[in-house]
Amino acid sequence: MEKNPITLLILNGKSAGNDELREAIGELRKDGYTLHVRVTWEYGDAKRYVEEAIQLKADNVIAAGGDGTVNEVAAALAVQPEAVRPCLGIVPLGTANDFATSCQIPMEMHNALTLAIKGRATAIDIAKVNDGHYFINMATGGFATRITTETPAKMKAALGSASYVLHALFRMDMLQAERCEIHGPDFHWSGDTLVIAVGNGRQAGGGQQLCPEALINDGLLELSVLSATELLPNMLQAWFTGSENQNMISATLPWLEISAPDDMTFNLDGEPLTAKRFRIEVLPAAIHCRLPPQCSLLE
């Protein structure tokens, strides 16, 4: 008889009172599954719990939270030796849940938890930025970064992903271009940009398809740059309706480097990183993740 897997669930503290998740955990425990639960309260907790999972010889580590929680857990898994690395599972509990939504992970707690424990384990890529920073979904820079990092927590809680668009409309005074240079294999671009997106996944900011062709197991990243040739009208048209825009520059690359005369801030799935230079590279098949058969981000 095959043993039931050992699972450690890392729960974002903001969702610690979720009754639906508590009920789903109880049901799976009654079915014989070993489920340890740990709650994060500050940055660094997830890394410590991943290390604990390895000591427990856990088969799965579940990130229960939003995109930031998923990324923090994935980054902690990526630096562990492959021989002892647990498989990542995802239970979406955040505001936007962009990565989980793109992967078509169920929003219903019992179904998501069951998938995270028993679903198909698939090797997926993650991206490394400079030394020691990672993202599983997307890095965004420019106006989009300011919006996603400055949208008030109360607005996000009340309105969900629509809060990002609403806050963007409130803060058009922040709309200014940033000069930078981007290069990678057989690619070079320089100029003024409003938004830069580097995607392992496809969407960010509450459902905006910034990198619509990205895949999470192809060993490549999708780059999308909105140049500042024309400001507000074309930006809104391209980024909020998904229509084609001549000021959009796209490329598919295994790595790229971005340099700027002034500090730029990128949002790495919720983690802000400020620098004048960024090297972003894909780490192919860096971790395994339990995903549904219909996941559209797989080759």
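Counting starts with 1 at the first residue shown.
Glycine is no exception: its Cβ is also placed from the backbone N, Cα and C atoms.
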For the ATP site that Swiss-Prot assigns to THR40, GLY66, ASP67, GLY68, THR69, VAL70, ASN71, GLU72, which of the candidates THR34, THR95 is also assigned? THR95
Candidates LEU215, ASP218, LEU220, GLU271, namely the recorded positions, that fall within 10 Å of ASN71 (ATP binding site) by Cα distance: GLU271
Distance, ASP67 (ATP binding site) to GLU271 (active site, proton acceptor) (CA atoms, angstrom): 10
Relative to the mean position of the Cβ atoms of LEU215, ASP218, LEU220, the recorded Mg(2+) site, which additional same-chain residues have Cβ within 8 Å? ASP125, ALA214, ILE216, ASN217, GLY219, LEU221, GLU222, THR252, GLU299
Residue among binding-site residues THR40, ASP67, THR69, THR95 with Cα closest to the Cα of LEU220 (Mg(2+) binding site): ASP67
